Structure formats: C-alpha cells, structure tokens
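Chemist: The structure is given below, and queries will be raised subsequently.
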Amino acid sequence: MPLACLTDFQAFARERLPKSTWDFIEGGADDSFTRDDNIAAFKRIRLRPRYLKNVVNVDTRTTIQGEEITAPICISPTGFHCLVWPDGEMSTARAAQAAGVCYITSTFATCALEDIAATAPRGLRWFQLYVHPDRQLSKQLVQRVESLGFRALVITVDVPKLGNRRHDIRNQLDLKLNLLLKDLHSPKERTSMPYFQMSPIDSSICWNDLSWLQSITRLPIILKGILTKEDAELAVKHNIHGIIVSNHGGRQLDDVLASIDALAEVVAAVKGKMEVYLDGGIRTGNDVLKALALGAKCVFLGRPILWGLAYKGEDGVKEVLNIIKNEFHTSMALTGCQSVAEINQDMIQFSRL
C-alpha cells in the first residue's frame, strides 16, 4: 500500500529502525510537552478560504536569501543520517537537489562535507554550525564549507548545553562509540577520535561573538532557535541575515512555546529587516500555509526527512518532499492563492478550543 502522508512514513520508520535509534530521533526533552505541542499548535489555527478565484496556475515558487526554491519547504539540520540509511547525508543532499529546495547540513553530519557537496553539486546547501570552544577549529570549518559552495551559515543558538533527553538516558545511547564524525577533528588531533569525545559546543558564546563570526566569512548568517521578540530585536541590531524560529523540535528546553506560537512575535519584532523561517511541527501542506500566513518566508522539515530516509533513502526523502509540496499546492488552490506572495494573515484565525 503506498504511503499517502508524512505520518505514514513515521509509522514505517518506527517499525523499521532499532528502538534506540527511533527514540533518539523522536525523543523530546523532559516530558516531551513542547515536542507534541509543536504539532498540536497547528491544529489550533483554522483556515479562511476564499473562493471564485482563478487558481488554474498555482505557483509555489519563492526565494530564500535571494535563491529560488520550488516551494517554501526545505530541510532542517539533523545529525547522524547514517543511523537510518547507509549513504546518510549524501542521499538527503541528492533528494534536496532533485526537489529544488535548500538542505541545511548539520555539524553532526556522518558523511564528509566534500562528499555531500560532490554528490549534489547543483543543490542549494546551507551549513549549520555549533561553535566549538577551539575557535580556530570553528574558523577552519567555516572557511571549508564556504569553499565547498555552501551558501549560508546557520548558527544554532539554543544548545549551550544538551537538553535532558530521557529516552537516550534510559537507552544508554552513546553515539561516540558507534559513529565517527568525519569533519570535526581538532587541528591538533589527527587520530580517529570522534568529535563527541571532545567538548563539542562552546557554552560561552554570546551576542558580541557574532562579530567574530561575521569577520571570518562572507556568507549570510542565520540564527536558528530564536523564540522571543527580545532576541529577534538583538538579531536585527547585530546585522543578522535571517532567523529560524525553532525550539529544536522540543529536544532542548521543554515547556517553551510551540514554534508556530512564537512566530508572529518574532516576525513583528524584525519589522521586515530580515527573513524569518520556521522549524518544528510541520506535517502537512496546510501547516506550511499557516506558517506563511503568520509571516514565515519558508519552513524547514526535520524528523519527516529522517522518516523518508529510513523508508527508502534518497527516493524516500523525495517522496516526503513531493507529498508535502503537492499538499501545499492543494492548500493554496483551495484557499484561493495563485502565488506564495498572496498568502497573508487574513487567511487564518485562531480557534477558541
């Protein structure tokens, strides 16, 4: 029986993957309230369709950071793709290229960056960076991704410390014993010591350090993990190019706002001075439309990409992207939108339930 929606891929992946891998992918922080609320929050928003409009030629194309994509549906940074498919991030990159969307490659990729770039040379790729305590290592990595044709640098800001992920604790998950991250060895360390055996994330990084990042790259810098107007305003002050409104899929701090509930506040705070994107809880084409109606320029998919990868590698990711792109096309037609530019806040209302 063909898989018809993203949750079909979720069910397949749950059956196929080892329990510890599934729990690692699906798990949230603490009680997983925020993880689940990311999805539930979309159901509190209703659509207000307009009819008797010409929707013969619905156009889902848009741009992000000046680059055209076929639909405002791209791929979030998630690590360890080789856990779910042998070719890992290379399969994901090829699927993104075929779909004409952006793929944000994670610092914790399990394929070499050169291989990811070479396997999908025409693809639009951004790179997600966790700043390492050894700034020279971070600098070398940034310069490397720039030389490989990555088009933006995405700084994840919501991980000064890993969240309390109970499933991984119960499963005694120890990724450093199973995976070798090929891109992240210290310049002083040329052995096969996995990156996770070092201190991977600089918990001291703060707003004033962004000027250092800006000094070592010509790439636009995007901040991922912003949830408040105060931090959005600081992003504007520090000349950041974009924000991904995200709570890390509910994997970091539990009991924060669902991403979609934080979106409008951030959009209002930046006052059109940068693009704002959304990550978290997107499962249908209607969800994409709701996010754009609230001011997102584009949405990014995390877990559903891994479900597709677990299903059939590159072809599975293509199927996931095609399904949600087709759903979004239908959502646009049925609400009376011929182009992405026509989507606006008048198309939604919040339920009182």
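Even glycines carry a Cβ here, placed using N, Cα and C.
What TrEMBL shows for this protein is this:
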| type | residues | note |
| --- | --- | --- |
| ACT_SITE | His248 | active site, proton acceptor |
| BINDING | 77-79, Ser106, Gln128, Tyr130, Thr156, Lys224, Ser246, 279-283, 302-303 | FMN binding site |
| BINDING | Arg165, His248, Arg251 | glyoxylate binding site |
| DOMAIN | 1-353 | domain 'FMN hydroxy acid dehydrogenase' |
Chemist: I want the residues beyond Arg165, His248, Arg251 whose C-beta is within 8 angstroms of the mean position of the glyoxylate site's C-beta atoms, in chain order.
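Modeler: Near the glyoxylate site, beyond Arg165, His248, Arg251, sit Gly27, Gly28, Ala29, Arg35, Leu162, Gly163, Gly249, Gly250, Gln252.
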Chemist: Please report the distance from the Cα of Thr156 (FMN binding site) to the Cα of His248 (active site, proton acceptor), rounded to the nearest angstrom.
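Modeler: A Cα-Cα distance of 9 Å.
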Chemist: Nearest by CA distance to Gly302 (FMN binding site): which of the recorded positions is it, out of Arg165, His248, Arg251?
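Modeler: Comparing Cα positions, the closest of these recorded positions turns out to be His248.
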Chemist: Between the Cα atoms of Ser246 (FMN binding site) and Arg165 (glyoxylate binding site), find the distance and write it as a whole number of Å.
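Modeler: Cα to Cα, Ser246 (FMN binding site) and Arg165 (glyoxylate binding site) are separated by 17 Å.
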Chemist: Distance between Gln128 (FMN binding site) and the residue listed as 'active site, proton acceptor' at the Cα atoms, whole Å?
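Modeler: Approximately 13 Å lies between the Cα of Gln128 (FMN binding site) and that of the residue listed as 'active site, proton acceptor'.
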Chemist: So which binding-site residues out of Gly79, Arg165, Gly280 end up within 10 angstroms of His248 (active site, proton acceptor), measuring C-alpha to C-alpha?
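Modeler: Cα filter at 10 Å returns Gly280.
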Chemist: By Cβ count within 10 Å, point out the most packed of the binding-site residues listed: Arg251, Gly280.
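Modeler: Sorting the candidates by Cβ neighbours within 10 Å, the top entry is Gly280.
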Chemist: Across all the protein chains here, work out how many other Cβ atoms are within 10 Å of the Cβ of Gly79 (FMN binding site).
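Modeler: That number is 21.
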Chemist: How many Å separate the two farthest-apart Cα atoms among the glyoxylate-binding residues Arg165, His248, Arg251?
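Modeler: This binding site's residues have a maximal Cα-Cα distance of 12 Å.
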Chemist: Tell me, how many other CB atoms lie within 10 A of the CB of Arg165 (glyoxylate binding site), whichever protein chain they belong to?
Modeler: 19
Chemist: So what pLDDT does the domain 'FMN hydroxy acid dehydrogenase' (1-353) average out to?
Modeler: 93
Chemist: Count, for each of the binding-site residues Pro77, Gly302, the other C-beta atoms lying within 10 angstroms of its own C-beta, and report the residue with the smallest count.
Modeler: Gly302
Chemist: What's the most sparsely packed of the binding-site residues Thr156, Ser246, counting other C-beta atoms within 10 A?
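Modeler: The binding-site residues Thr156, Ser246 were compared, and Thr156 has the fewest Cβ atoms within 10 Å.
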Chemist: Can you tell me the CA-to-CA distance separating Ile282 (FMN binding site) and Arg251 (glyoxylate binding site), as a whole number of Å?
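Modeler: Arg251 (glyoxylate binding site) has its Cα 16 Å from the Cα of Ile282 (FMN binding site).
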Chemist: If you draw a 10 Å sphere around the Cβ of His248 (active site, proton acceptor), how many other Cβ atoms fall inside it, taking every protein chain shown into account?
Modeler: 24
